[in-house]
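Colleague: Taken from TrEMBL, the feature domain 'Thymidylate kinase-like' applies to 21-207. According to TrEMBL, the ATP binding site annotation covers 23, 24, 25, 26, 27, 28, 29, 30.
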Ligand SMILES: Nc1ncnc2c1ncn2[C@@H]1O[C@H](COP(=O)(O)OP(=O)(O)OP(=O)(O)O)[C@@H](O)[C@H]1O
Ligand SMILES: Cc1cn([C@H]2C[C@H](O)[C@@H](COP(=O)(O)O)O2)c(=O)[nH]c1=O
């Protein structure tokens, strides 16, 4: 299928940097992303901390629907990409263009892992939507917090009631984890895998090592 003629070409390389944080629910992303933002700010960067689905007023409304309302996998997929489109247009691309560093709690790898791996949605359709919505935009670095689903479930159960995704069984999260592994294998230069089963401080030290080595 060819792209509609109104779709602009891929954006020129932006002066800012785009880092995504990924992993199954409860893997520990939120516990570290704000500290990573502070670490980069202390090095003089403007940092925009955001999340998916969400990050803009419209995308946050779509997030509420995706996390709470029953829907079929195609509807779910279209909503996460609609939210992503608004997020990119309204927040991510302008921030990168002015030289800011964008740290996003999840991006498109989550769609391949959750809708593709978890729900079994057609990966070729996801790849087509990725092209339409992102015009080539990908994170410069993806920090993947990898953790066995049973450990993640124990951590989640200790702190919160489950949403529509968190209520899924361990087999679902095994497929999501395999979805992340496939994305990491396809783009090894972009992914940094963190062993999130370690104690919190060891996880943080690994993140620092990745940022020091790869944060340009
Ligand atoms: N290394 C760790 N060891 C033990 N517990 C941890 C560790 N990292 C985080 N936790 C705890 O696990 C729970 C889930 O962590 P967190 O909310 O950061 O995960 P998350 O990846 O952001 O999850 P979600 O994507 O579902 O929001 C929290 O209670 C957090 O305090
Ligand atoms: C971006 C994105 C997210 N999801 C799922 C994954 C999580 O279960 C929730 C977001 O909750 P979090 O506490 O902010 O991690 O949404 C998805 O299924 N597909 C996506 O593209």
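Cβ from N, Cα, C; glycine included.
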Colleague: Please list, in sequence order, every residue of the chain apart from 23, 24, 25, 26, 27, 28, 29, 30 whose Cβ lies within 8 Å of the Cβ centroid of the ATP site.
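Modeller: For the ATP site the neighbour list reads 145, 147, 152, 196.
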Colleague: Which residues does residue 26 (ATP binding site) neighbour through Cβ under 8 Å, counting only same-chain ones at least six apart?
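Modeller: Correct list: 147, 152, 153, 155, 156, 166.
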Colleague: Just name the winner among 24, 27 (the binding-site residues) by count of other CB atoms within 10 A of its CB.
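Modeller: Checking each of 24, 27, the winner is 24.
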Colleague: What does DSSP call residue 24 (ATP binding site) in the simple three-state scheme?
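Modeller: SS state of residue 24 (ATP binding site) = coil.
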Colleague: Restricting to the chain of residue 30 (ATP binding site) and a gap of 6 or more, list residues whose Cβ falls under 8 Å of its Cβ, or answer none.
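Modeller: In sequence order, the residues whose Cβ lies under 8 Å from that of residue 30 (ATP binding site) (at least 6 apart) are 105.
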Colleague: Output: those binding-site residues from 25, 27, 28, 30 whose CB lies less than 6 Å from an atom of ligand 2, in sequence order; none if no residue fits.
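Modeller: The ones that qualify, in sequence order, are 25.
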